[in-house]
Amino acid sequence: MIRLPEPEVIVEGLTLPECPRWHDGSLIFSDIAAGRIYRLDDDDKAEIIHQEADDFVGGLGVLDGGDLLAVLSKQRKLLRISEDGVSVHADLSDLCRFVLNDMSVHAGRAYVSQPGFDIWADDAHGMPDPTGLILVQPDGSASIAASDMMSPNGMAIAPDGKTLYVAECTAMRITCFDIDAVTGALSNRRLFGMLPDGGIPDGICLDGQGAIWSAVPVAVAGSSIVAGPGVIRMTEGGAVSHLVPVAAGRRALACCLGGQNAEYLYVCTVPDFEGAAAFSASEGCLERVTIG
């Protein structure tokens with residue numbers, strides 16, 4: 001296994017940085033608890049491109065025409081942000097009992113994850129119920145694309161649009177599906193790989209060799225929850241080829257490849273935490289490491 005250097009901090013003072021996406025030559029990401037969406041400029045300055053006053057902003061995705069989709073976690077809606085303004089793209093409250101989480105977008109369709117419990121509650125403990133992965137069509141209509149998912153979280157779609165990868169937190173695995181090119185329906189559910197050492201996956205991304213990079217904020221050790229290793233690179237079957245450690249006392253939540261040749265790995269980190277109240281500390285960071 002190749003151990004890469006710790007990433008360097010490039011943006012500080014965030015609450016809960018998450019859901020980084022590389023699009024059109026720049027990085028966008030959410031600061032969930034602050035209700036903000038940022039774009040990173042060429043000087044590594046974070047510019048606010050959307051502020052939501054009354055909700056947590058989670059997963060992000062860009063439609064073919066350039067409009068931005070964003071998850072409103074508590075309201076269980078997708079926002080559509082365009083040059084003409086902001087509108088509700090889809091109301092998913094009938095398909096989601098608690099809160100929404102992450103999202104992956106391709107060919108106008110969005111796949112939206114829900115953890116199966118209220119992750120923002122201070123007393124959020126215990127094993128969540130199996131839950132469904134939501135498919136939102138280009139017209140905003142929605143349905144359950146896959147059932148019995150174990151706290152699905154981060155997702156990635158292959159560049160050819162044929163495969164969806166899903167991090168199932170409480171199952172400690174990455175699962176993948178075939179995507180129907182016409183309908184977006186999911187089939188051929190299968191295991192991509194189990195995380196080693198009790199690791200719990202969070203945000204993920206896919207590289208050009210078909211490997212998954214997964215943030216691992218925590219791991220299960222016996223009856224205890226301990227800090228995860230940082231970010232791992234996993235090939236199909238579960239072998240770990242690379243490790244990106246984060247600084248002691250911090251946890252990696254999400255990751256994204258970026259740069260002209262995908263030579264950078266961006267990592268969203270927060271301090272060790274216990275409960276949702278910790279996210280008000282504004283100690284979250286966006287970090288970056290060169291991987292190639």
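Positions of Cβ are set from backbone N, Cα and C atoms, glycine also.
For D202 (active site, proton donor/acceptor), applying a Cβ distance below 8 Å and a minimum sequence separation of six or more within one chain yields N153, G154, A167, C169, S214, A215, V216, P217, A252, L253, A254. The active site, proton donor/acceptor annotation in TrEMBL covers D202.
Here the Cβ of N153 (divalent metal cation binding site) has 27 other Cβ atoms within 10 Å, regardless of which shown protein chain they belong to. What TrEMBL records for E18, N153, D202 is divalent metal cation binding site.
Feature annotation from TrEMBL assigns substrate binding site to N101, D118. Annotation note: D118 (substrate binding site) sits in a coil segment as assigned by DSSP.
Look at TrEMBL and you will find 16-269 tagged as domain 'SMP-30/Gluconolactonase/LRE-like region'.
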Query = Including all protein chains displayed, how many Cβ atoms other than that of D118 (substrate binding site) lie within 10 Å of its Cβ?
reply = 16
Note = If you measure between the CA atoms of D118 (substrate binding site) and E18 (divalent metal cation binding site) and round to the nearest Å, you get 17
Request  = Over the domain 'SMP-30/Gluconolactonase/LRE-like region' (16-269), work out the mean pLDDT and round it to an integer.
outcome  = 96
Cα-to-Cα gap, E18 (divalent metal cation binding site) vs N101 (substrate binding site), nearest whole Å = 10
